[in-house]
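J.: As annotated in TrEMBL:
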- A:ASP73: active site (ACT_SITE)
- A:CYS76: active site, nucleophile (ACT_SITE)
- A:HIS251: active site (ACT_SITE)
- A:65-257: domain 'OTU' (DOMAIN)
- A:TYR221: site 'Interacts with free ubiquitin' (SITE)
- A:ASP223: site 'Interacts with free ubiquitin' (SITE)
- A:TYR247: site 'Interacts with free ubiquitin' (SITE)
- A:TYR252: site 'Interacts with free ubiquitin' (SITE)
Amino acid sequence: MADFMSEVARLDEETLKQIDRIQKEVAESCEFIGDQEDIDILTKQYLQDDEVYQAKISDLKRKYKKLRRTRGDGNCFFRAFGYAYLEKQLEEKTDLDRFKSAVIQCRSSLLSMGYPSFTLEDFHDTFIDIVESVNKASTSSAELLQTFRDQGLSDYCVCYLRIITSGYLQSNAEFYSSFMDGYSTIKEYCSTEVEPMYKEADHIHISALTSALGVSVGVVYMDRGEGLEVNEHVFPEGSDPMIHLLYRPGHYDILYK
Amino acid sequence: MAALKRLIQEYKELTLNPPEGIVAGPKSDNNFFEWEALITGPEDSPFDGGVFAAELVFPQDYPLNPPKMKFISEIFHPNVYLDGRVCISILHTPGDDPLGYETAAERWSPVQSIEKILLSVVSMLAEPNDESGANVDASKMWRENRDQFNKIAAGLVKKSLGLT
């Protein structure tokens, strides 16, 4: 038994090293937020005789023109959401004041839930600084991209969007608690599935974040599911999407019309 | 610089409202990334009355990633490696899962804090998780020979107080 357990411990150390290597490889192969590319690049990622995917890619090309790939590190939904929204506002600047008040409102709500202010402050300030920079006429899209490629700033945005998501789920516990399979409380779900970095986002996360910040998102699903067309689901339901994301199992990228 | 600012804030907080049985702070004024902590063994646990010293080393991107924690005082416990490294779920991010915790175990996230870690360590001293095999012999003894385990723990309590 003891030998077996130390063997398990040794294998665990090996596994950790391997995970570390894989993470480095992923990091080197893709920026946090990539450059805008033609949707055609997807065609080459799947086999020519993969009829389902090739048909769905053709359908996607009819509906969208470009995409921006994001790094697959478990934070991709949050990073894609933050970047896509702010990039859009860099051109339009129509929604930023409302967005900023929504973010400030989320912080008040988190403080009243008992989150110590020292756990929120730095994330909040970093995020608000970025939002304000987008509101300035002098900020270029290259600068915004640079911000989201800087690990420190980019991860702080991701982290704050996670905390906002968690806060919204907890304030709307009654509605969301029926979706929490395997967790006894919404708090437990949030501290395990939402707040830790690298945890992948599910429907619940998307629903909560889009509602918390009032930013409508269209998610285009491309998977092995039935049909030869891609389906778009809008969060919150029935709204007019401000940004579009492409979902392939386990990963989100940004789409452009 | 964000990490340093956060560590200073947490230190202030811990000094103003120290949790019972815990003292913690930077080892020196010129390096806030290495802390020392003194943890009192919880009442009615095998470690009752002991005062155990530990060190915490923070990464440059704290609080995105958790610190590493290691007991300096000698300790015999299912969730502490022989070299003193503490192995509990709150010290790990979700992608970093050395001992296959059940998914519901609380992980590190940036809204956790040094105080939460130290409180988790106090609970760990009171209630070892014998499914994690950081110290295989301690796990086995905790399960199969509690009297012997308690005897060793009592010896370490005395040692931690400098009584032997």
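Just so you know, glycine gets a Cβ as well, placed from its N, Cα and C.
Give me the local environment of each listed feature.
T.: Secondary structure at A:ASP73 (active site), as computed by DSSP, is coil.
Under the DSSP three-state reduction, A:HIS251 (active site) is assigned to strand. Around A:HIS251 (active site), taking its Cβ as the centre, 18 other Cβ atoms fall within 10 Å, counting all chains.
Counting Cβ atoms from all protein chains shown, A:TYR221 (site 'Interacts with free ubiquitin') has 15 others lying within 10 Å of its own Cβ. In the three-state DSSP assignment, the secondary structure recorded for A:TYR221 (site 'Interacts with free ubiquitin') is strand.
Just so you know, the Cβ of A:ASP223 (site 'Interacts with free ubiquitin') picks up 14 other Cβ atoms within 10 Å once every protein chain is counted.
Sequence-distant neighbours of A:TYR247 (site 'Interacts with free ubiquitin') (same chain, 6+ residues apart, CB-CB distance under 8 A): A:VAL219, A:VAL220, A:TYR221, A:MET222, A:ASP223.
Counting every protein chain shown, the Cβ of A:TYR252 (site 'Interacts with free ubiquitin') has 26 other Cβ atoms within 10 Å.
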J.: Specify the count of other C-beta atoms within 10 Å of the C-beta of A:ASP73 (active site).
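T.: A count of 19.
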J.: Hey, what's the Cβ neighbour count for A:CYS76 (active site, nucleophile) at 10 Å?
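T.: The answer is 25 other Cβ atoms.
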J.: I'm checking region-level scores; what's the whole-number mean pLDDT for the domain 'OTU' (A:65-257)?
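T.: Averaged over the domain 'OTU' (A:65-257), the predicted model reaches a pLDDT of 93.
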